[in-house]
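**Student:** Would you mind keeping the following structure in view while I ask a few things?
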Amino acid sequence: LNFDLTKLYWPEFESVGNETKVPASVCSLPCPKGQFRQVHEGQVCCWHCTPCRESEIIANLTACASCPHGYVPNEDQTKCRKLPVDYMKWTSPWTIVPAAFASLGIVFTVFTFMTFLRFNKTPVIMASGRELCYILLFGIMLCYIISLLNLSKPTLITCTITRVGLSLGLCICYSAILTKTNRISRIFHPGLKNGLKRPSYTSPKSQIVICLCLVSIQLVFVVAWLIRDPPSIREVIYRTGFRTFAVLQCGISATATIISLVYNMILIVMCTTYAFKTRKIPENFNEAKYIGFTMYSTCIVWLAFIPIYFGTNNDFKIQVASLSMCISISAAVSLGCLFTPKLYICLFQPYKNTRHSGAGVQGTFSSNSTSGVLRFARPSSSTGAAAILAATTTVVSAQHVAPVIVVPEASSGDVKTSTTNGEWTSPSPDEEQKETS
C-alpha cells in the first residue's frame, strides 16, 4: 500500500509553501531545555513538561537532580560544572588597604618595643609600668599579625591561628589596660573601710599575675571551643543576581565570631568604666587622659563594626576587610594613645626624661568631698611608678578624707608629703617614727 503524501490535503492545518503540514501523530512533544517529562498516570507515551529549578539538572529526561556542593548546572541544565572558588587575594583592593595598615602597625610596634628597651631604665619608661607595657605591646603585635592572616587564603593552619589569636590578642591588650586602670582606681579611691591600709596587689608582680589570670579565662574558652568545634575550611555558595560563585572560608559563622569576642567586649566596658572613674587623676601620674581617649575611641570603633559585619553577609570581601581593619584600628588606637607620648619625650624631649625633671609638676585631683593639688617628684628607685603607688596612704580625720602621697625625693632619701593644700612638707622625727610603724 503506497501513499502519495503530496496529494493529501489537511485543511485543518497550516500550509507550508505549496504543501500542507502533516499533523503530528504523537501524544506529547519533546520538552524544551530546562524541563523534564512528567508522565501521566497510566499513559506511558503521554506527558507534560515541568521546569527544573535553576540549581538542578535533568536526569534521564524524566526527573530533576541537584548538583553536588560546589557545582552548578550548565546553561542547558544537562550536566553539573565545578564552580571556581574565590577567596581574598593579595592583589585585591579589599586586601591591599588592610594589609598595608597592618604592616605599618607591625613596623611601628617593633620600633616602639626597641625604643622601650633602649630607654628601659629612664624615669618616663619606669613610671609607665614597664611590665604591663610590654604585655600590651605583645597583644598589639598579635592583633596586627591576626589581621594579616585573616586576609590570606584560608587553610586549616591559618583558620586555627586566626580563631585563637583573634580573641586572645584583643584580650591581652584590654586585660593589661584593665589591670592598670584598676590599680590606679584602688589606690586613689580606697574607701573608708580600709583607708589607713595600703591597697593590696599593687606590685609589678601582682599586676602581671592579675593580667595573666584575665587572659587565662579567654584562653580556656578558646580551647574549649576548639575541642567542641574543630577548625575546618568550607566552600560557601553565594548567589547574587545572575551570578553564582563559591567562596573558600574558615568553618566559622559570623555569629560564632561575635560570640567569641563577648569576653573582650566585657573587658572593654570595664576598661572604659575605670578610665572614666580615674579621669581626674593627675595625667602625669597615671596617663588617665590617654587611657580614657583610648577606650572611648575603641568603643566607637566596635560599635561601628558590628552593624557593618552583620549587614554584609552577601559580600565576603567587605566582611573580611572590615574585620581586619577593626582589629588593626583597635591596636593602632592603643599603640598611638598610650605609647606615642612616651616615645616623643624619649626621642625629642630628653630633658623631661630625667630624675629631677618631674619636681614641681602638679595636677588636680578630687575625690568625693576632698579636692586639691598634688605635686609629684620623679622617683629615683628602680621600681618607678610602683614606688609611688606603694607609698600611697589615706589619712582619715573627723571631718574629711585627705589624700596623702609619700614620694621619695629624686636626689636624696628624704621624704616629702603633699596634702590637699598643695604644699610639700618635710615630716618631723615623730612623724617619721609614726610612718615607719
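Even glycines carry a Cβ here, placed using N, Cα and C.
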**Student:** If you check TrEMBL, which stretch out of 155-177, 385-407 is marked transmembrane segment?
**Tutor:** 155-177
**Student:** So which of 96-119, 131-149, 155-177, 246-276, 322-345 has the most C-beta pairs under 8 Å when paired with the transmembrane segment (208-226)?
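**Tutor:** Most Cβ pairs under 8 Å with the transmembrane segment (208-226) come from 155-177.
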**Student:** Mind checking which residues of the chain, 6+ beyond the ends of the transmembrane segment (322-345), have their Cβ under 8 Å from one of its Cβ atoms?
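**Tutor:** Distal contacts: 97-99, 101-102, 105, 108-109, 112, 115-116, 124-125, 128, 133, 136-137, 139-140, 143-144, 146-148, 150-151, 166, 169-170, 173, 177, 257, 287, 290-291, 293-294, 297-298, 301-302, 305, 308-309, 312, 352-353.
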**Student:** Averaged over the whole of the domain 'G-protein coupled receptors family 3 profile' (94-355), what is the pLDDT?
**Tutor:** 88
**Student:** Can you tell me which parts of the same chain pack against the transmembrane segment (288-310), counting only residues 6+ beyond its ends and a CB-CB cutoff under 8 A?
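**Tutor:** For the transmembrane segment (288-310), the nonlocal Cβ contacts are 177, 180-181, 184, 254, 257-258, 265, 268, 271-272, 275-276, 278-282, 318-319, 322-323, 326, 329-330, 333-334, 337-338, 341.
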